[in-house]
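K.L.:
Provided herewith is a single structure, encoded as structure tokens, for subsequent inquiry.
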Amino acid sequence: SVGFKAGVKEYKLTYYTPEYQTKDTDILAAFRVTPQPGVPPEEAGAAVAAESSTGTWTTVWTDGLTSLDRYKGRCYRIERVVGEKDQYIAYVAYPLDLFEEGSVTNMFTSIVGNVFGFKALRALRLEDLRIPPAYVKTFQGPPHGIQVERDKLNKYGRPLLGCTIKPKLGLSAKNYGRAVYECLRGGLDFTKDDENVNSQPFMRWRDRFLFCAEALYKAQAETGEIKGHYLNATAGTCEEMIKRAVFARELGVPIVMHDYLTGGFTANTSLAHYCRDNGLLLHIHRAMHAVIDRQKNHGIHFRVLAKALRMSGGDHIHSGTVVGKLEGERDITLGFVDLLRDDFVEQDRSRGIYFTQDWVSLPGVLPVASGGIHVWHMPALTEIFGDDSVLQFGGGTLGHPWGNAPGAVANRVALEACVKARNEGRDLAQEGNQIIREACKWSPELAAACEVWKEIVFNFAAVDVLDK
């Protein structure tokens, strides 16, 4: 009979459509689905498509007032995950009209909203998203991108060097500024506010901005190189955040910083727009990411958070080190490093990339390697990340036995030695330690650093690894 028929019907009758041909304008998602016992995978995949688009738990008569065929998400393919019991990859296609233009916030509210608390699923993880060019073009993206940043800084042909000022909390503004000066004077390109430095009683933001700007200009004058300090503009309200960014611009500094996950995508996109309009570079820290991305069966993979950041806007983002103290398997890390930097990335399941991604003209983001790295890691980092990256040594600079400036000198000498060796055709993976030892002969600072950190390793297996 025609007309409204009340009652509950299975999701898969409406939302599981294996015959569907995906459109170029669809947003495609790959979900790792772990259904509850007794729930067939088709029903679980269809439930994800329904609950993250037009569906609800029962038939409603207002369905008759719209075209569900036009607006519904569709689960169009399901694959069993090899080597895992009761895990499936469900592919879902979303029509573009479901999403507001230029809003990462709206995209995530749909795709990773209520559906993650759905009772029929034991666990759910968003592994990857394909953002169609039609949607990419509605975003400004990074304020400047890799090439414009190099032109602003006049630094080419090598990775950039940074350092997070430690201890991260407790220093006064003047002492903080002094540490910034010493690191920049020693040869680093950037120093960085820690992500939790905002405006606390021991150091208010305005005092920190002033002393850091003074340090920066002094180091610039003495070295003849352009220097930067990531001034953390993250604040409790968007208005306060923009106020801090305005003050940074008035001081004439080149770069500010934001914690994009704790601050939120709306705040981040607002700041990115301000930065492009006012010539500021934007460094992004990913505090809170491991809460979301570290478990293999539930949450959102970091490659999705990285894509979202490229859309929302940021010129640098922390992306793991492969060799330091923080999580990150090599192939997975290189997969999302490519997604940050390149214009076009082919599907490659061996690196965890589920979809071919075309960024059209969206600028690239520099990946930042940071966390437990020191001079002995320099050859590996140079080889893994290449020139378009920022290598950040916090303890690896400030922990030098002779002080901050010699720590910076050691890092700069090690980097220049690795870049020179690579350009001469030497194999950094095989000869790395030899290259560093040779450089020690003419740099006592580097020799001292090598002696201190020769035994330090962080040998733990990664939690989030590729499927077999």
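Here the Cβ of each residue, glycine as well, is placed from N, Cα and C on the backbone.
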K.L.:
Can you find which of ARG80, ARG204, ARG286 Swiss-Prot lists as binding substrate at the same site as ASN114, THR164, LYS168, HIS318, SER370?
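P.N.:
Matched candidate out of ARG80, ARG204, ARG286, per Swiss-Prot for substrate with ASN114, THR164, LYS168, HIS318, SER370: ARG286.
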K.L.:
Looking at Cβ-Cβ distances, which residues of the chain lie under 8 angstroms from LYS166 (active site, proton acceptor) while being 6 or more apart from it?
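P.N.:
Listed in sequence order, they are ASP194, GLY394, GLY395, LEU398.
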K.L.:
Whose Cβ lies within 8 Å of the mean position of the Cβ atoms of LYS192, ASP194, GLU195, the Mg(2+) site, other than those residues?
P.N.:
THR164, ILE165, LYS168, ASP193, ASN196, VAL197, TYR230, ASN232, MET257, HIS285
K.L.:
As a test of the contact definition, list every same-chain residue at least 6 positions from HIS285 (active site, proton acceptor) whose Cβ is closer than 8 Å to its Cβ.
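P.N.:
Counting only residues 6 or more apart in sequence, the Cβ neighbours of HIS285 (active site, proton acceptor) under 8 Å are GLU195, ASN232, MET257, HIS258, ASP259, TYR260, ILE317, HIS318.
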K.L.:
Across all chains shown, how many C-beta atoms besides its own are within 10 angstroms of the C-beta of SER370 (substrate binding site)?
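P.N.:
Other Cβ atoms within 10 Å of SER370 (substrate binding site): 25.
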K.L.:
Measuring Cα to Cα, tell me the gap between SER370 (substrate binding site) and LYS192 (Mg(2+) binding site) in whole angstrom.
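P.N.:
About 11 Å separates the two Cα atoms.
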K.L.:
If you count Cβ atoms within 10 Å of the Cβ of ASP194 (Mg(2+) binding site), leaving out that atom itself, what do you get?
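P.N.:
Other Cβ atoms found within 10 Å: 18.
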K.L.:
Take the C-alpha atoms of LYS192 (Mg(2+) binding site) and ASN114 (substrate binding site) and report the distance between them in angstrom, rounded.
P.N.:
36
